[in-house]
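Novice: The following block contains the structure, expressed as structure tokens.
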Amino acid sequence: MPPSKDYNRTSQSSQNKTNSLSSAPPLKTLPPQPNISQLENFALSALAPSMAVVFTLPFDTVKVRMQLQGEVKIMKDITGKTIRVTAEKVYKSSLDCLWKTFKYEGIRGLEKGLNPSILKESSKNVFRLGLYDPILSVIHPKDDSTSSSSAPAWKRMLSGGICGALGAVSANPFELVKTRLQSSAAGAIAVGNQYRYNSVLSALRHIMSKEGGVMGLYRGSMISVYRGILGSAANLSCYTMLRDYALREGYPEGVPLDMGCSLLSAFASVVFMNPLDVVRTRLYNTSSSIKDRQPIFYTIKTIVKNEGWRSLYKGFGTHFMRIGPHFCLTFVFLEQLKRGVKQIKLEEYQRKLQQPHYS
């Protein structure tokens, strides 16, 4: 029986489809989706706080001087009797310190230690901010790009603490120089030991030659590590948890969200950091003589015994006045820089898709 016309038409149609599929051009590989590389993340993490410190350094200078004044020293009089000598208080309050510094030294006095501050912020935050997400990803593996919000608080704190410790070690030499430069003041308003360094390089050379070589640059490094662990654990965990919660609740991503989360996380950070900050400031400012150096816990005991527990929160207001705006500007700059880089990469990605090779 001869095949029907319908069968012939069906067979011809199937053959045409087969020929059409076989003759179709191969599928093109799309360009990779735009994302920030780890190297770019390191660079932005160092750049953002370096920009922020230019605006917040005056408050840091005031904080250092407030923490140094009123220090009680144990001395012996001419008869050999031990006496307690309390240094005269030069500043009535943080605002008084801010005004007197400006009055006697001008803007340059408020911005003392700017160069080591920039070096400190960049060397510290390349680890503190740059490694936070990678370490958290190891502690809390992510199945997709949105699962980071599922990380519990203790994992975020652990990641922040590790990053804070690494950042504290890398930045300690510049932190030491910065503190000494900030304590150096005009005679009428000077507090603590006075160091007359001409530059960051001359300060590093002097410390290495007079205070035990490279180890002298790491004076107070352990207290910096403890401070970095507590401060970064509180700051980074609070910031990321608050931000993730706000985004889940439908708050729009942008500068207002970055500012609110960073200010709240800054307050939590200062609560944990201030006691260790007072101790570290005293250690950094102590005499360069090796015999005058004191262990960390002995310094804490001496401060509490001679000045009371409340002395550990000296300069709290100024500390927050510095840390609050600093963290606020840091995270605003950081998020804005990341958005800018992503936007540039997205535009490049869209241009590639419009090329004939991908169409």
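Using N, Cα and C of the backbone, Cβ positions are placed for all residues, glycine too.
Pulled from TrEMBL, these are the listed features:
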REGION    1-32  region 'Disordered'
COMPBIAS  9-23  compositional bias 'Polar residues'
REPEAT    36-138  repeat 'Solcar'
REPEAT    151-245  repeat 'Solcar'
REPEAT    253-340  repeat 'Solcar'
Novice: When the pLDDT values for the repeat 'Solcar' (253-340) are averaged, what is the result?
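Specialist: Mean pLDDT, the repeat 'Solcar' (253-340): 86.
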Novice: Using DSSP, how many residues of the repeat 'Solcar' (151-245) fall into helix, strand and coil, respectively?
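Specialist: DSSP classes over the repeat 'Solcar' (151-245) add up to 76 helix, 0 strand, 19 coil.
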